[in-house]
């Protein structure tokens, strides 16, 4: 709170604060210091005025703008006499500044200067000319100032306000702030060795040491006078005739826990002003009076001027035509508004405290994370150094092995060549000795064998025998440039794991036995995703498996089980790794199967119409067409209506694998399980094996039903609602697709999406 109690000009606690038109506060002595003359009057301002105003700012007691002795501090008594018995002294004339404003609003603008504190122009202390007295200087200043105009600039918002004929007395005194400052000073405790508060109130204008006890208190000036100073500084005539002089109040006894504060005395002596009752003591609270009608108390509040007024101001003053409200009601209303505003500020202050706690936690986390990252960096670099050391050892081992291998090869070749050379040299020397002999018969006895030996020895020195088997150069080249580049490029990657993808439920849907999922990356993410991984369970609550990996954010999965519940989830990945999973979405496939004939898998002679629900053939041979659905679990039922039946053909109905042979009747290979039927009877067929002939055939308008129960692994056929023979096939397992074979004499229409009928008839007995 102390910052709120300091003057923006002097930086000390407020002394006699006044309220400027902009609602900011400033000390009265400081206000005298920063009050400046307008350009019109400033050029005629004599230098002695500056000295007079500087002295007044340093030593003027409270509310003594009209007192002649109040302009010179402790020497006020003598100065008042020097100025004569005028209505006001030099200080009063200094405060009576004429009107000046840049606009009619009473406010002006001012650009702060680097040479002025707080953007306020402070008048320098210019010495008086030689040979002139202070009284003469003040007199000259007063006479000059009466004909000049002045203004004051707020040190906080830098708005200028012109002063009327009352000068600074025209600004209201902030007694509330003054009382808060006094209580704050008293509550700060006593400095050891401080003097105790005086037992009686003392005069605030005495230049004697010690000051005389106060005899009177002026309610309008709020100043304590002794008898002598009252006669000199506050005579009961002129402008002081209407002032009310009362007995000074007794000084309050300070509590033992919080005695008088030395700081208050220091501030008072430094500023040249003391509170009534002496240092460290505050006068009892009294109601402020109107500055224009000094005998009247405030009773109303002017809404237009936003200031309290008395009833005289309403009757004859400038507030007579203004909107006014009762002072007490307005006081309570403004208190309520202030309390409400304080609640908002309190909430913001609470948020700010929590935010500061959060910032301090962030500081601690930064310290901890910094240490962790440093340790991690050291560990990673040490691991790289260790890996490089191990690789260095491996490479050195390879070089050593290569060197030893080359040395061994060379030594082996040296030994072999040395042996051959010794043998050849010995043979050569022996042959030379034989040639030297002169015995022909002896020579011829061994010449043939010797010639063969020499030839054999010569053949041993084949081509390449005198060439080194290995080179002195090593065929090992270490390319360290990529590793050096990688080391130079080793740096921190400003990327983290991607965030959790958000599933867009409004775009997720199921259709038949396929599901479509959509997702997106959260907004304002700083870790973009390079791709996504979509996982789906098996429809029975089993483990998840990846069904899609890519950059798209929309995926459709076909070929799922009907009447099944699937759980799906997605996660993102980037170069830093794989992010967390999204929330799991539950998808329910269709209860019954909806499908048509598949034009892509059917034989080219098959003719489809009616949105691929009606099939016929252009050939007299049987051709196969499959459905678009595939079943591996559940119970499924569909019907085929015979639209045309000519010349007693044998259409076949059933199920098949996707790889079934399509240019012959259904059931002749091991990829199909079927019932073929004519107009009189039917047979079951698989792997070209005909079984269970049953009476009863089909004709135009007949309906053939197929029931595939993969829970019981059975296949059953029906004609016109009656089961045709026993259960056709058992132990069927795997993935099956609806299938049909027919020729040009038959046309059938497929009906799907049917519930399993509960009123199917009993089976017909088979003929065989």
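Glycine is no exception: its Cβ is also placed from the backbone N, Cα and C atoms.
The structure displayed is predicted, hence computed values, not measured ones.
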Task = Identify the zinc finger range according to Swiss-Prot, selecting from 285-327, 328-370, 371-413.
result = 285-327
Request  = Name the residue range among 201-248, 441-488, 489-536 that Swiss-Prot annotates as zinc finger.
outcome  = 201-248
Key: Which range of 15-34, 35-54, 55-74 is region 'Disordered', per Swiss-Prot   = 55-74
Query = Where does residue 313 (Zn(2+) binding site) sit in DSSP terms: helix, strand, or coil?
reply = helix
Inquiry  = Same chain, not part of 290, 293, 313, 319: whose C-beta falls within 8 angstroms of the C-beta centre of the Zn(2+) site? Give them in sequence order.
reply    = 292, 296, 309, 310, 311, 312, 314, 317
Query = Among the binding-site residues listed here, 293, 319, whose Cβ has the fewest other Cβ atoms inside 10 Å?
reply = 293
Query = Over the domain 'COS' (435-493), what is the model's mean pLDDT?
reply = 84
Ask   = Which of 290, 313 (the binding-site residues) has the most other Cβ atoms within 10 Å?
value = 313
Request  = For the coiled coil (332-369), find every same-chain residue at least 6 residues outside the stretch whose CB is under 8 Å from a CB in it, and list them.
outcome  = none
